[in-house]
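Below is one structure, written out as structure tokens, with a few remarks after it.
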Amino acid sequence: MAVVVALAFVFLVMFPVPSPVRALSSNYYDHTCPHLESIVAGAVKKAMSNDKTVPAALLRMHFHDCFIRGCDASVLLNSEGKNKAEKDGPPNISLHAFYVIDEAKKALETSCPGVVSCADILALAARDAVFLSGGPTWDVPKGRKDGRISLATETRQLPAPTFNISQLQQNFAQRGLTIEDLVALSGGHTLGFSHCSSFQNRIHKFNATVDVDPTMQPLFAAKLRSVCPAHNEAKNAGSPLDSSNLVFDNAYYKLLLQGKSIFSSDQALLTTPKTKALVSKFASSQEAFEKAFVTSMIKMSSLSGGQEIRLDCRVVR
């Protein structure tokens, strides 16, 4: 069966809103695939040894998967012919490291064929990416199923880097996620890199009066402007999301309070008393951040998804 995709822009679309999966269990594969977690961790470690950007890529991939139709590995599906899948939607063009999931799946199909979903592999890989970058670990509830639908147009549901706090709160609330989840999961920006296009709005022609977002620390803004000029033509130009972007820590929140955040959506967390208080809390305590992040990750990764076990993570049969 071909991947179901979007062929035209639709102005009014009723999108399915994910809900928590009911039958997830930390020991779901204990008898059917006992070496699952070590196999996935091995694939992540191997990839990290060759490419330090892999952890950020896997964490972002999992997030983008769960926010569209739940955690069903639909983000992994390839486009076919004129059919455009999620991974080729504008917000997902820069996703990479799909091969890590492929390698883990290949090993698992040898060890326990037809048993482990691609969605569970991605959830585990995201957890391992955080832990292997110096962050916390946690028991990942398992038992997700893979979806058969992947629509590029549905990537419009993803929270954009230009969102204000109201848009962010609404986007998360539609998925049963709270303000606390929003601030904690935003801390995932401690890993990674952004291309200029995602923050150009803050450093050039911010509004009719000023060129640069006045909430940005001036020297920081000047540095970003030097890397990303107004008519930037360097495809790979951009900035790390925080000063220690290969280490999972709470530097993201500290920099946010200093006016050194990258996205408008990051800065938005300082625009309400409740979200600002959480930013301050996490900036002052790595332990508090990690505890909240784990809770929110488990909650987000439990959003309902598909119906089957895909044998090839990139193709629906």
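Note that Cβ sites are derived from N, Cα and C of the backbone, with glycine treated the same way.
Just so you know, TrEMBL annotations are computer predictions that nobody has curated.
The signal peptide annotation in TrEMBL covers 1-23.
Annotation source TrEMBL lists domain 'Plant heme peroxidase family profile' at 23-317. When pLDDT is averaged over the domain 'Plant heme peroxidase family profile' (23-317), the result is 96.
As annotated by TrEMBL, disulfide bond applies to C33-C112 (among others). Within 10 Å of the C-beta of C112 (disulfide bond) there are 16 other C-beta atoms, taking all protein chains into account.
With a cut-off of 8 Å between CB atoms and residues at least 6 apart in sequence, the same chain places L95, G188, G192 near R60 (site 'Transition state stabilizer'), listed in sequence order. Among the features that TrEMBL reports, site 'Transition state stabilizer' is placed at R60.
In the shown protein chains, 21 other C-beta atoms lie within 10 A of the C-beta of H64 (active site, proton acceptor). Residues or ranges marked as active site, proton acceptor in TrEMBL: H64.
The Ca(2+) 1 binding site annotation in TrEMBL covers D65, G70, D72, S74, E86.
Among the features that TrEMBL reports, disulfide bond is placed at C66-C71 (among others).
Over all protein chains present, the Cβ of C118 (disulfide bond) has 30 other Cβ atoms lying within 10 Å. TrEMBL lists C118-C313 (among others) with the feature disulfide bond.
For P159 (substrate binding site), the Cβ neighbour count at a 10 Å cut-off comes to 20, with all displayed protein chains included. Taken from TrEMBL, the feature substrate binding site covers P159.
Annotation source TrEMBL lists heme b binding site at H189.
The Cβ of D242 (Ca(2+) 2 binding site) lies under 8 Å from the Cβ of H189, T190, A251, Y252, L255, each of these being in the same chain and 6 or more residues away along the sequence. TrEMBL lists T190, D242, D249 with the feature Ca(2+) 2 binding site.
What TrEMBL lists as disulfide bond is C196-C228 (among others). In sequence order, C196, F199, Q200, I203, H204, A237, G238, S239 constitute the residues six or more apart from C228 (disulfide bond) in its chain with CB-CB distances below 8 Å.
Listed in chain order, the extra residues whose Cβ falls within 8 Å of the Cβ center of the Ca(2+) 1 site residues D65, G70, D72, S74, E86 are C66, I68, R69, C71, A73, V75, A119, G147, S150, G305, G306. Take the mean position of the Cβ atoms of T190, D242, D249, the recorded Ca(2+) 2 site; other residues of that chain with a Cβ within 8 Å of it are G187, H189, L191, L241, S243, S244, N245, V247, F248, N250, A251, Y252. Using a 10 Å radius centred on the Cβ of T190 (Ca(2+) 2 binding site) and all shown protein chains, the other Cβ atoms total 29.
The two recorded residues, C118 (disulfide bond) and P159 (substrate binding site), show a Cα separation of 23 Å.
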